[in-house]
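First the structure, in the form of structure tokens, and then the observations on it.
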Amino acid sequence: MVSTFITVAKTLLVALLFVNINIVVGTATTGKHCSTGPIECCKQVMDSKSPQATELLTKNGLGLGVLAGVKGLVGANCSPITAIGIGSGSQCSGQTVCCQNNNFNGVVAIGCTPINANV
């Protein structure tokens, strides 16, 4: 019974994520924000069609359906960049990006576009 619940929960999560991905369009930046939310700092970025992206999603329990129709990069270990000079989130030692969907608790962000945030 528990395994059935987990399977149903994963299926619903993938369906909701697919809807969110298709609703969000554009990743333009204005100031320190993207049109989709804060600028993110990802420790690693990869092509959404790469074996590394497939492995990252699979390893984190996400189905490949979350990439359906997604253009751009997949980010790994991402966090929002805060205002300059405030906390550890004010600097990025990885790649700064704007992502269409970063609702995976920082583990994965999809539909990312690299930017030069100068932070």
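Counting begins at 1 with the first residue displayed.
Here the Cβ of each residue, glycine as well, is placed from N, Cα and C on the backbone.
In three-state terms derived from DSSP, C98 (disulfide bond) belongs to an extended strand segment. The disulfide bond annotation in Swiss-Prot covers C34-C98 (among others).
What Swiss-Prot records for C41-C92 (among others) is disulfide bond. According to DSSP, C41 (disulfide bond) sits within a strand segment.
Per Swiss-Prot, the feature disulfide bond maps to C42-C78 (among others). Counting only same-chain residues at least 6 apart in sequence, those with a Cβ under 8 Å from the Cβ of C78 (disulfide bond) are E40, C41, C42, K43, V97, C99, N102, G106, V108, A109. Annotation note: C78 (disulfide bond) sits in a strand segment as assigned by DSSP.
Neighbours of C112 (disulfide bond), defined as other CB atoms within 10 A of its CB across all chains, total 29. Secondary structure at C112 (disulfide bond), taken from DSSP and collapsed to helix, strand or coil, is strand. Per Swiss-Prot, disulfide bond is recorded for C99-C112 (among others).
Annotated signal peptide per Swiss-Prot: 1-26, in sequence order, evidence recorded as sequence analysis.
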Local backbone state of C34 (disulfide bond), from DSSP in three classes: strand
Fewest other Cβ within 10 angstroms of its own Cβ, chosen from the disulfide-bonded residues C41, C42, C92, C99: C92
